[in-house]
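Pulled from TrEMBL, these are the features on record:
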| type | residues | note |
| --- | --- | --- |
| ACT_SITE | HIS148 | active site, proton donor |
| ACT_SITE | CYS249 | active site, nucleophile |
| BINDING | LEU5, ASP48, GLU53, ASP54, ARG73, ARG120, VAL243 | substrate binding site |
Amino acid sequence: CRQALRRAAGPEVDFARAEREHQLYVGVLRGKLGLQVLELPADESLPDCVFVEDVAVVCEETALLTRPGAPSRRKEVEAMKRVLESLNLNIVEMVDENATLDGGDVLFTGREFFVGLSRRTNQRGAEILADTFKDYAVSTVPVHDSLHLKGFCSMAGPNLIAIGSSEAAQKALKTMQQMSDHRYDKLTVPDDAAANCVYLNIPSKGHILLHRAPEEYPESAKVFEKLKDHMLIPIANTELEKVDGLLTCCAVLINKASEL
């Protein structure tokens, strides 16, 4: 609560509430959706380690271990490496000391990658990602007024980009549209943070969307409620958001049938 990185000073994190919210998030993935969830042990020396998304990008059978932009987070990669190795994924390590990449800057649409160039991710990091996932186009997107690209956008469906309403978000979306050969549908929500949602396509359950709770972002929640083909699951994330954490930050989704 005290040492986690944060872009701006703000209210103190209520640790007990943060734990409850995180347990609910994990409980939805494991209990309600029946996913296999592998929890990494907490490391008290790494206050940002709950944000596992930033240290690995996984696509199909390959896992790229990143080099986080914040030096204080680089040791987080070690625990992630052990877990991904246990899943028999092809591991690629980012060893170039000129490269930085946070997974929060990586948006995979199912067709291509968009990589945000932010305070945490640079051009060299994006180039290594492109070298790692050669089967997919990789485009870079300048990120302003947000810690990460996914601070104001995420996938909300197979062809659907959820995007915030701020000028920075809309500008980034325009760049993505210009860069891509594919036309995506967009779902615009009033609040940038609420545009960060978790989309899952589970064979037995169909389209699932974890989105921010109505008590946090009521107007954005109304927009998500218009998605009639999705199972909608509201998730509160008030406490981790105080230290710049959003819904996608706390999980690395791996499409792999495996007994964990």
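All residue numbers here begin at 1 and follow the chain in the order shown.
Here the Cβ of each residue, glycine as well, is placed from N, Cα and C on the backbone.
Those TrEMBL annotations? Automatic predictions, nothing curated.
Considering other CB atoms within 10 Å as the measure, the emptiest surroundings among the recorded positions ARG73, ARG120, HIS148 are those of ARG73. Local packing around the recorded positions VAL243, CYS249 was summarised as the count of other Cβ atoms within 10 Å of each Cβ; on this measure the leading residue is CYS249. Proximity to the residue listed as 'active site, proton donor', judged by a C-alpha distance within 10 Å, picks out ARG120 from the binding-site residues ASP48, GLU53, ARG73, ARG120, VAL243. Cβ neighbour counts within 10 Å, taken over all protein chains shown, single out ASP54 as the most crowded of the binding-site residues ASP48, GLU53, ASP54.
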